[in-house]
Amino acid sequence: MSESSSVPTEREQLLNRLATLAYRRGDFTLASGRKSEHYVNCKPVSLSGSGLALISRAMLTHVEADARAVAGLTLGADPLVSGVAMAAADQSRELDALIVRKEAKGHGTGAWLEGPLPAPGTLITVLEDVVTTGGSSLKAVRQLRDAGYKVTRVVTIVDREEGGDAAMAADNLELISLYKLSEIAAFVPA
């Protein structure tokens, strides 16, 4: 807890939720195909009202001031983009939420993007729940850039510290994480 008070800060509250509800030790295969003894599934936190509120306020502080939308790859980013857009509205800031599909819609317009689409050239911040190698985030970034949007930043809840930052930098992206995996793992009793 913070030294000045016995009441945990929002950052400490969120760290506690992630450590107790999202983090597991064991033998896991990640979405990247890699094996790991650490697993982080943020959905038990991001799909709870109070957890999403904590995440959204924290992520909003890292969305570029001139961004007009936040976007992310479905499914992990779905609650994040909606929550951050709502947190922005609470501060009288217009910020739309976009969902990037994993593949083009098979019917209707065949759209990759869902939501109120801004004008081409608009700055969009990409949101992610967990970054490992950066593959999911980069897929979202490429779809947005192909649609004519400017993307320079990815904000994630957790950076697993497995090369995602280097992959982002190679694509001229800044990666900002609310937490590093090492910070969450250190918070959990052995």
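Just so you know, glycine gets a Cβ as well, placed from its N, Cα and C.
A quick note: this is a predicted structure, and the numbers were derived from the prediction, not measured.
Here the Cβ of Gly134 (5-phospho-alpha-D-ribose 1-diphosphate binding site) has 27 other Cβ atoms within 10 Å, regardless of which shown protein chain they belong to. The 5-phospho-alpha-D-ribose 1-diphosphate binding site feature in Swiss-Prot is assigned to Arg101, Lys102, Lys105, His107, Glu128, Asp129, Val130, Val131, Thr132, Thr133, Gly134, Gly135, Ser136; the stated evidence is sequence analysis.
Listed in sequence order, Ser36, His38, Val40, Val130, Val131, Thr132, Leu181 are the same-chain residues six or more apart from Arg160 (orotate binding site) with CB atoms under 8 A from its CB. DSSP gives Arg160 (orotate binding site) a coil state; it is part of no helix or strand. As annotated by Swiss-Prot, orotate binding site applies to Thr132, Arg160, with the evidence given as sequence analysis.
Under the DSSP three-state reduction, Thr132 (5-phospho-alpha-D-ribose 1-diphosphate binding site) is assigned to coil, being neither helix nor strand.
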